[in-house]
């Protein structure tokens, strides 16, 4: 992410009203151009490319250094707030939030890999490269600040400005000896893999049926690239929704991708802690602790949810992954994060090759489809025609404490084009850092691999819980 103010945005500073949001969650898709939606090869290629682009951004982010001293507690009595979560065909999951007075409800991409909550904003909102299949960019839902009596532009000397820009934010034209400066908080620019967005920060009311969060910091984006919806940032930064709401935990169950772009949704549960026993575990879940990245100089790495991945198994065979990929080193590189904004799980090339080679070895009775791998961006791919039944080894992630994520077959292999071909839904690339070495997290656990799992982010106890669950009965 970058905090450099774009020249075209300075004309927006005159805005003196803000916006309102509601949270719904459903699957999203990542089409990047106006191609037919019924081509399975192109659909998979788009998802693979967007997953890789997302990984590249997460691995080599530009950081905005935040500060945690400006939060307002929610005004509420509700212990758990439920918001619908649904799948979209461009690869992510959508949640609806309500902002403003009166409330305006806007769909957002649910994203655990970033922290700012922002929505398409004002009638002048412009999104380039957003002519996705089935999407009219002029009909993207947007928040209209002038229609909300609770919208306020955040001033540069307002402590809430520091949530995104840090304590050393530059307030041009302000006398540092006075607190009466009328200059607004600087505009922001954020990068999201293939897309980006730019706008200004607002203070607004976030509304749920039984909960109101006053003075919520939200981004009012005016210009975006390839961003068909706003982002609900659920990362670990101080500007994220969980931190601003002071959540004890949140949890979800991501429905199968076969429900993309339908009305099928599940609940995103936001636990504010009322009536909640600290330290209690949700029955049936396996837990593993989150871990910290030792490189605190890169604030972006501090936003990610790092997991203690210890082992990867293909069938009964343990894949021998070098430790430097499993845990972040002193330079901050390596380790595993969980990210709802990535579709397919990403692995650094050395890790991916070890896993892919083990699948190829154990599935040697099936012929490889190298041409299909080039078309889809996935691999290895196999032709399974004439075999009667399909035998595929399990893919298992084992975490610290012994918790094992034993993935269902549909979470790591997919039929491609016909019933004759299957491909592994894990991606990689050949990207290295500018210094020639590895950079950022080595493994990114994407949403495709989390389908039909009850997943819990226990923030109070700093741990990650999960269990297989059929999200839609």
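Glycine is no exception: its Cβ is also placed from the backbone N, Cα and C atoms.
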* Structure fact -> Here TrEMBL annotates region 'Disordered', and of 247-267, 268-288, 289-309 the range meant is 268-288
* **Remote residues contacting the region 'Disordered' (268-288) - C-beta distance under 8 A, at least 6 residues beyond either end** => 23, 25, 74, 76-85, 95, 110, 211, 242, 245-252, 307-308, 399-404, 454, 456, 458, 460-461, 463-467
* Euclidean distance between Cα atoms of residue 111 (active site) and residue 423 (disulfide bond), Å -> 26
* Asked: DSSP helix, strand and coil counts for the region 'Disordered' (268-288)?
  -> 0 helix, 7 strand, 14 coil
